[in-house]
Amino acid sequence: MTLHSNSTTSPLFPNISSSWVHSPSEAGLPLGTVTQLGSYNISQETGNFSSNDTSSDPLGGHTIWQVVFIAFLTGFLALVTIIGNILVIVAFKVNKQLKTVNNYFLLSLACADLIIGVISMNLFTTYIIMNRWALGNLACDLWLSIDYVASNASVMNLLVISFDRYFSITRPLTYRAKRTTKRAGVMIGLAWVISFVLWAPAILFWQYFVGKRTVPPGECFIQFLSEPTITFGTAIAAFYMPVTIMTILYWRIYKETEKRTKELAGLQASGTEAEAENFVHPTGSSRSCSSYELQQQGVKRSSRRKYGRCHFWFTTKSWKPSAEQMDQDHSSSDSWNNNDAAASLENSASSDEEDIGSETRAIYSIVLKLPGHSSILNSTKLPSSDNLQVSNEDLGTVDVERNAHKLQAQKSMGDGDNCQKDFTKLPIQLESAVDTGKTSDTNSSADKTTATLPLSFKEATLAKRFALKTRSQITKRKRMSLIKEKKAAQTLSAILLAFIITWTPYNIMVLVNTFCDSCIPKTYWNLGYWLCYINSTVNPVCYALCNKTFRTTFKTLLLCQCDKRKRRKQQYQQRQSVIFHKRVPEQAL
């Protein structure tokens, strides 16, 4: 924000020297005497007139109703600005859900807006009403320093928010790993330090750099911005350039969000088609409890390989094998949810040398090398149980310890129609991974080993259902992530739009004043400068409109419902704790 030197100048008094048009001979005095007296009288009369004008009219030439209207309007806006930004700061303090990295930037922006509401708005209103600066040169320089540092910090914070949103969407893996609160604090600190270094020293000490103060008494503006060309240059650096950068970044954010929305829609459609198969083999033939032979395809070993790792917690009551239950598990896709079990998925990259042991308690681990991420996204059919791949390195024998004894591996099922045992032994041909340097078929066949692991039809069915559940979880996580990104983008768009609307009129006048310094009335300068302040009033409204958490927290604070909210939160946590203990089996604790 650039305060133009003509925006609040005291009225000029032309034609003061018109009474001195007579020649020296008419006055009967020497030329030098008349000139000296005339000069003295002109300056004395001018000074007395100005002094009498300013001291006798503290309202600056305004009527009482004009003063009341200006004071009421600006005072109301200042009060709303102060209350709104205090609400943002307090909401960030009391609500842990708001303590995200993105909201740290909004907190910094709220602090800058609060400074403007407390100091800048009120002093500038006094300056407008009195039509002169009556607080002295030091107070003038301090006000301008605080005003410009806070305003520039707001712009810098908007730039930081824009870049943060842009990198979060375009580089989600690399940038978000480094996106911590500590790093956010460093960026916020840099924004404030840069703003302070750019404006405060120049405003406070420029008169000492040039050797004199050129700002007239009763006026308050930045001395080095008295030239329109310099004023326009600062407007380019402080407004036009940041707005251009933020607009470009927001456009890129919008395009990337639309692209990810389309990808998510395709992923959801793919998942729906896969679930519609209801675990029927692609050939159309139903499967019984016969044995399957699952053979792993030979793959090259890479330095790091990703596995889908799942952990199951089974209670004893949910594991009663019978023919009816086998049929029910085979035909119904909801039986997975009916079991008293919980599953958690984590995607982790493990090195080839990492040894993963299997649990021999009620909790046991199954490590399946599921299809790659890209294939999950692009394919519409999940692989059948024949195509399930098992890693020989990470999948050992699966041991399940029941209450009194361990389940023993059983032989393959015979010609009977019904399943009589819990598990059947399924031969699995496992091929150890081949080193990247060995590409010939001879070397590959030499490294192959064969192992037999206990695996039943029910295990294959559960694995397939887990694959579907995994896909559903991936889709859900992507959908939730996209929703959060859209909310953050909406908040950014609202803040950016408010910034452009409130700051553009004044900076357009700065551009016009460069070519025509008398084309813009003083009243327009005052309105344009005050409109820049209104941006600090609008920002908290943007947070509330675009963020439900901010909105509910504001409502809670305004209605003094903090205690009720804490009680509800404690009750919710207690209920969740009870549900968690019910789900986790006692032997797993």
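Including glycine, each Cβ sits where the backbone N, Cα and C put it.
Note that this is a predicted model, so its numbers are computed, not measured.
For the annotation N-linked glycosylation site, the record in Swiss-Prot points to Asn48 among the listed residues Asn48, Asn443. Listed in Swiss-Prot as the disulfide partner of Cys519, from the options Cys516, Cys532, is Cys516. Both Leu135 and Gly218 carry the same topological domain label in Swiss-Prot, so the record keeps them on one side of the membrane. In Swiss-Prot, the cysteine linked to Cys220 by a disulfide bond, out of Cys140, Cys310, is Cys140. The candidates are Asn15, Asn378; Swiss-Prot tags Asn15 with the feature N-linked glycosylation site. Here the C-alpha separation of Cys519 (disulfide bond) and Cys220 (disulfide bond) works out to 21 Å.
The Cβ neighbour count for Cys220 (disulfide bond), using a 10 Å radius over every protein chain in view, is 24. Cys220 (disulfide bond) sits 22 Å from Cys516 (disulfide bond), taking the C-alpha atoms as the reference points. Cys516 (disulfide bond) and Cys140 (disulfide bond) have their C-alpha atoms 27 Å apart, to the nearest angstrom. Compared over the disulfide-bonded residues Cys140, Cys516, Cys519, the count of CB atoms lying within 10 A of a residue's CB peaks at Cys140.
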